[in-house]
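For reference, Swiss-Prot has these:
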BINDING   122, 123, 124, 125, 126, 127, 128  ATP binding site
């Protein structure tokens, strides 16, 4: 990593922070660790790391400060240790930057095929797309590791073997700060308002995502072009419409001589140089319900085609993909009523896409509202029979739902019970909160687990 014999401060001692400290120590650096919480410091001390408060103990002789993704470094208020690093001229990086530096310095002379990295970013669909890429590669017999926001931390993966593909899911928190971003293939799924306070607005949010493409210049880029930001990004990356480095992905019809993958009415189609190269029916794939998952499938398809896989191999792998927990996860069918957990739909765009995947919906929503308002949901709510609102501020959230029929429930147990009592055979009780979970839960996973637990009570 280039820090042999040098001091590096690691700020934040959760999973990624401790992994960074271990990797730095193994690479010959002196890792100095700090966390504002006593528990984090205790974990680091138990592993033999030096505890070093960068404010109290200073930054003299420090070559770099490595921070965890959850710690603000710019907006809304940067952590004081990062401010001190800026003032002292100390570079600030994160585990993603360390990973790419380490990979770039690797000796792959004994590999017939050096490892390749696929990095996936975007507002929604990152996890499903990343997991689906890894699943397809595994089914095809290609060695693969899944890391980043999904799977293991990037510094916890095994040393890559010959021909292996490393698939990394990256959030805007990670792409914004990493000092090295050099994937072989980069994916941009879509963009919608999220994390705006952290990035100083929509422009800053998009700029954070865009760094994945502008910093390292990936050999291939798979870009969702349904939004103007994706169209702009695609236009910035190529020399002309026939530039084979770009694969455009859309839920609508695309034209031109380039390399395109589109999903319309449940069919995935690949076009190259204006001619159709493949067509796959996604309508009966149980692990990929709805138009939003078809877009995820198109992104994964584009990556795997760029890696040399045949369409029939990808199609066969689609059929065996089981989906991810808390993302359009079918939990149960009780008396003809379906229960679906999409707790990961933490913003308006994700919830809108979830609502578009089902016919008659009993919609459980609410939580910690994000910037941007909820008005965009109104048009997507045509299939909603009633909304069942949860959250500490459920009354206020309900006021933003317009004319959608609603029942202010407050907690998950009440919402599931009332939705179940109202539901008719053929209905779907859908948890798609359109909000963060932190008012009542410590994560969207915990919220989804509560939904599942309440449904299991109905079954028993």
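Any Cβ shown, glycine's included, is placed from N, Cα and C.
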Among 123, 124, 127, 128 [binding-site residues], residue with fewest other Cβ within 10 Å:
127
Chain-internal residues, separated by at least six, CB under 8 A from residue 126 (ATP binding site):
120, 149, 150, 169, 170, 171, 189
Within 8 Å of the Cβ centre of 122, 123, 124, 125, 126, 127, 128, which other residues of the chain have their Cβ, at the recorded ATP site?
120, 129, 189, 190, 296, 350
Reduce the DSSP letter at residue 123 (ATP binding site) to three states and note it down.
coil
According to DSSP, does residue 128 (ATP binding site) fall in a helix, a strand, or coil?
helix
